[in-house]
Amino acid sequence: MSPNPQWDVPRALGVARLFHLVCGVRDACVTPFLTLYLRQLGVTAPWVGVLMGTKHLVAACWTPFCAFLAKRYHKRRMFLTGSLLGSAGASLLMVLIPPADRNPGNYFCNGSNRVISTVLPRTVTMTSIQGSVPNHWAGAPSLPGSRHTRALDTSGFPNGFGNDQEGLQAYLVDSVAEARITTQDHHPVTSGLRVNSQEGTFEVVNATLGPLPGSTTLGSPGNLSKAQRDAQALSHSLKGPQWTLILSLGFVVFWELLTAPLAQVADDSLYEYLDFVDATDRNRDLWLWRLLGMSAGVCGIAALVGHLECFLVTNGPRGVIHFYSYALLSTLALALSTAFPVPIDQKQGPSYKTIKALSLIRSDARLILLAFTVLWIGATASTVQNFLFWHMKDHGSSELVMGFSVALSSLGEILFHPFRTWLLRKLSRVGVLGLGLGCLALQLLYYSFIWSWWSVLPVQILSAISSGALWWAVGVSIEDLSTSGVERSLGTLFRGHFYESGGSLGSFAGGFVVMRFGIAVLYQACCVVLLLWLALFLSTQSRLPREQRINYSKLLTVEGSDASDSEQGSERDWLVKAMREEREDLKG
């Protein structure tokens with residue numbers, strides 16, 4: 001125990017670890033599944049990209065501003081409490097967003113019935129209900145090849161189609177054609193439907209509705225050309241259900257404004273608390289606790305949703321339990337935040353370390369190259385965060401399998417961490433950085449060829465290198481290339497501003513690529529971009545001037561932990577040697 005309770009370091013570290021563990025579980029409840037929930041609401045791929053891109057952009061710009069205000073006006077405790085309390089309330093607003101198809105029968109849970117819905121445009125709904133329904137529709141032939149009987153709700157058809165079979169079929173085929181905004185047949189707008197543009201028919205799941213008497217084909221002169229139909233499909237996807245899009249965008253931005261400052265303010269607070277007693281090296285393992293929380297939380301919430309949601313939420317779209325769990329865990333984190341270490345005697349005066357870090361980046365070609373590398377990492381990682389679960393869902397994966405894939409990725413990073421020093425010594429920071437980029441490109445290529453609900457699991461172990469080792473190399477590069485006093489500001493700039501800006505860019509572009517070409521093509525394109533950048537990075541890195549800066553604060557930390565107080569002479573020796581080596585490097 002420290003004599004002054006304000007600087008009780010063991011207790012502070014214990015509270016901080018528990019706080020990061022709970023926050024990891026909390027984030028795992030929603031963050032991996034957010035785009036999947038938006039898809040279930042009927043939000044199309046380009047708009048999901050816009051929503052997530054805006055979310056990353058808010059985080060990139062708003063987080064450093066809030067961290068500055070919290071430090072400048074000594075309001076870190078208030079920011080922690082306000083962020084947790086506000087984000088809990090904002091998450092509950094997400095359950096108020098109406099789905100694109102507002103038919104109550106299309107909810108996942110509806111009383112005692114389990115309803116699997118397919119959202120069609122123009123208020124036409126198709127449902128598959130456990131039970132018996134008449135297997136006929138306006139005198140049309142029965143639907144062969146299906147295990148369950150099907151019924152078509154025609155309440156949304158325009159007036160006059162009740163007895164006009166030819167007009168009704170043409171209306172349906174044109175509606176489904178407009179809704180096809182990707183090259184895949186599993187988009188939520190067309191899930192379970194396939195349009196046969198040659199025969200003028202559409203398929204419902206595994207059942208095909210044959211041509212009705214007197215029907216015409218889409219290729220006849222009276223129908224639109226393929227280019228016109230594609231243009232109409234694009235127009236339909238960009239218009240979207242207005243209220244669903246407006247509320248989704250507003251709530252996501254509001255939620256991010258409240259959530260974004262939490263991690264940075266907490267890290268700054270703990271760092272300054274430990275810096276006062278020269279113990280900053282003891283907080284380097286906090287990310288492990290957050291990853292452990294993510295691993296446990298993502299599997300736990302997926303199991304909860306899969307088995308208990310219809311008992312807990314009997315009337316609403318699938319996924320709302322994610323937000324209720326997030327709010328509950330935010331309340332628990334709020335209780336822990338009252339004991340979170342916040343230094344009272346904070347340093348006075350303005351700090352210009354961020355400006356110094358930006359100036360250092362501008363003057364160093366190696367840091368500029370590293371900044372662009374982190375930008376591309378963020379862009380490609382955002383495509384995985386946004387659309388990998390869509391891709392898995394299209395191949396029959398459950399949310400439990402999706403959660404298990406995230407847990408495998410996080411556990412791989414944790415288990416591989418003891419080999420960090422050995423790997424960096426064997427390959428150097430540039431070699432580890434290149435290895436990480438190569439593994440990330442390989443993962444993306446593999447994602448584009450997944451063939452079953454489980455096929456994504458084996459490649460997740462590569463995240464130990466494509467995420468863990470990659471960021472180790474980035475961190476070591478920042479330490480080697482930075483000057484004394486700005487290492488932490490430089491690292492925050494890379495992980496916050498550059499990475500989040502890359503995520504915003506990747507989200508904006510990725511949504512439109514998915515709309516036009518599909519998810520598989522998106523991952524193949526990201527793989528090619530990463531490999532091209534890897535080749536450029538390695539070829540450019542060897543041609544840049546080698547300038548090794550000596551970080552005296554880092555040397556003092558290392559020497560202080562190894563040397564005794566009686567070894568003052570040796571301390572002078574290493575300092576003189578370091579200064580001599582620096583002068584020789586500058587002359588060379």
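The first residue you see is number 1, and the count goes up from there.
Using N, Cα and C of the backbone, Cβ positions are placed for all residues, glycine too.
Per TrEMBL, these features apply:
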DOMAIN    28-524  domain 'Major facilitator superfamily associated'
TRANSMEM  47-70  transmembrane segment
TRANSMEM  77-97  transmembrane segment
TRANSMEM  243-266  transmembrane segment
TRANSMEM  287-308  transmembrane segment
TRANSMEM  323-344  transmembrane segment
TRANSMEM  365-388  transmembrane segment
TRANSMEM  400-419  transmembrane segment
TRANSMEM  431-454  transmembrane segment
TRANSMEM  521-539  transmembrane segment
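At the 8 Å Cβ threshold, with sequence separation of at least 6, the transmembrane segment (47-70) comes into contact with the transmembrane segment (243-266) through 3 or more pairs. Within the same chain, the transmembrane segment (77-97) packs against the transmembrane segment (323-344): three or more Cβ pairs sit under 8 Å, each pair at least 6 residues apart.
Tertiary neighbourhood of the transmembrane segment (431-454): same-chain residues 373, 377, 380-381, 383-384, 388, 391-392, 395-398, 401, 423-424, 462-463, 465-467, 469-474, 476-477, 519-524, 526-527, 530-531, 533-534, 537-538, selected by CB-CB distance under 8 Å and a gap of 6+ residues from either end. Only residues 6 or more beyond the boundaries of the transmembrane segment (521-539), in the same chain, are considered here, and those with a CB under 8 A from a CB of the stretch are 183, 369, 372-373, 376, 379-380, 383, 387, 430, 433-434, 437-438, 440-442, 444-445, 447-448, 506, 510, 513-514.
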